[in-house]
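Participant: A single structure is presented below for examination.
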Amino acid sequence: MSANQEEPTAVIFDATEESNLLNTERNDSFELSDDDQQSFIQASERQSEIFDFDDHLIPLSLTETQRRPATLEKEVTFFNGLTLVVGLMIGSGIFASPGPVALHAGSVGMSLVVWIICGLLACTGALSYAELGSEIPLSGGEHAYLNHAYGSLPAFLYSWTAITCLKPGGNAIIAVIFAEYINRMIYYSIFNDDAEHLSDITHLWLNKIVASLCIIIISFINAYSVRLATRTQDIFTALKLITLAVIAIIGFIVLGKGGLTKNFDGDIFEGSSTRSSDYALAFYSGLWAYDGWNNVNYVAGEMKNPARDLPRVIMVGLPIVIVCYTLANVAYYAVLPSSIVVKTNAIALEFGRKIFGHVGGIVFALCVAASCFGAANGSIFTGSRLIYVAGREGYLPTFFGKVHGTWNTPTAALVMQAGLTIAMIIPGTFMTLLNFVSVAAWIFYFLTTFGLLLLRWREPNLKRPYKVWLTTPIIFGCVAIFLIIMPFARVPLQSLAAVGFILAGIPFWYIRVKCKETFSIKAIKNRYSNLNLNIKNWKFRQGYQKQDTMEMEMH
């Protein structure tokens, strides 16, 4: 090269890129085509997504473009899955929901029908989720399915709603049930009645105070020790199952002797409601007791033969829960007049008092309160981890993603969740909280199940180890639409508040996800442009070096 020629300035790559280029075929016309350019950008985006949670408040263990087999051992048998599903679904709702279901259904027979239909509906939802879990083997539940079917916005809104509404609202409902039983137990042990002499306002605020104290105590337990929290969960779960079994057995015996009431004499459907909105609210109360059906597919990743055993677990486990709940309600009606069933939120206390007298009421109330305490403990434990992850990934202030230096627990996340929960307890009651949370939850249940139908059409070749009958998600989706629309006629305030909570997440999605996606794509394109320029410059230099070598050989 002559001295007066300027050598073009080149940006130096790293050693790996230079080595790759030196190993390529050298030709003067080297340049990436448009297709290669697009492929490079897409590959860069996919590689970036593997290590990034831009559109996830709840991070996924796998991405949609890189799926790996689960690393957990496949040790769960059919029986293990069955006991897990039954234990997961039977919760505090069966001790609080019979009253609201009876109130809205209007008759003994119709309330029992509602309980059975709620169980069948939970079964159709669980089977639909089982297919989604088998074809999209990602952690995150609804978030993962919504992200695959629709994109980042619905998935982000689900995570947003789970953190700000669903988890705190669910915690608040359980705490209110706990407070109802504790207060009634205290009233009854001291005054030997239900403290009817107290005003409704006094009763209401005593429940709110006790419920708030329950949340504070459980949050402290979870902040102090993870081991203590898990042991608390094990003990109270056992109490819950024992209490329900005792109620069912006693009711069966009483009914065999003719019953203590006239609820099953004559037409048991007399007085049934004729308003569809009433049944929507009745279904909300009943389905709350079946809560947990949407988590059964989490068992699939560790089952030895999920394609065979998971549907069997659902088809056997759900009927077991339906039978238990139906027997429990029959027991309530066999022992208690329907007028008491309708108006009480502490039906187990009334049941125990009717059968065993003063001591029986206290013992049953104590068992149910312990069951609610355990259920709230488990919900607070898992809910705080969602907030912890959101803080760790930058969607909330970073101190929410830190752990306590001594206790090694997410104390800041627990404090935030306790604050959100108490903020819902103060203005709410059992029914208002239930309607509010249920509307929000069923919006996402519908979107998730509709996503299954969408994927059937859009990705027919997607591997599906388990495939549900097409009518199953269609039935579930139709009922979900009914449960979403009808409450707006009876409880418009709670319904609109639930929708408002969901829509409030859109600005956060735009700031935290959409803007970051836009900037990321621009950065990738800029990196590609620089890389393409570097390649051209390198080829340009190689051409001049080759020309200088030829001139030297000629001389």
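Glycine too: its Cβ is placed from the backbone N, Cα and C atoms.
Any TrEMBL annotation is an automated prediction that lacks curation.
The model shown is predicted, which means the values in this text are computed figures rather than measured ones.
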Participant: Of the ranges 76-96, 160-180, which one does TrEMBL flag as transmembrane segment?
Facilitator: 76-96
Participant: Is it true that the transmembrane segment (108-130) and the transmembrane segment (436-456) have 3 or more CB pairs under 8 Å, sequence gap of 6 or more?
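Facilitator: They are in contact.
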Participant: Sequence gap of 6 or more, Cβ distance under 8 Å, 3 or more pairs: do the transmembrane segment (209-229) and the transmembrane segment (495-513) meet that?
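Facilitator: Since fewer than 3 Cβ pairs under 8 Å link them, the transmembrane segment (209-229) and the transmembrane segment (495-513) do not come into contact.
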Participant: Which residues of the chain, 6 or more past the ends of the transmembrane segment (76-96), have a CB below 8 A from one of its CBs?
Facilitator: 122, 174, 177-178, 180-181, 237, 240-241, 243-244, 285, 288-293, 295-296, 299, 302-304, 309-310, 312-314, 316-318, 320-321, 324-325, 328, 345-348, 368, 371-372, 375, 430
Participant: With Cβ-Cβ distances below 8 Å as the criterion, list the same-chain residues six or more beyond the ends of the transmembrane segment (495-513) that contact it, or say none.
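Facilitator: Same-chain contacts beyond the flanks: 54-55, 152-153, 156-157, 160-161, 164-165, 394-395, 435-437, 439-440, 443, 487-488.
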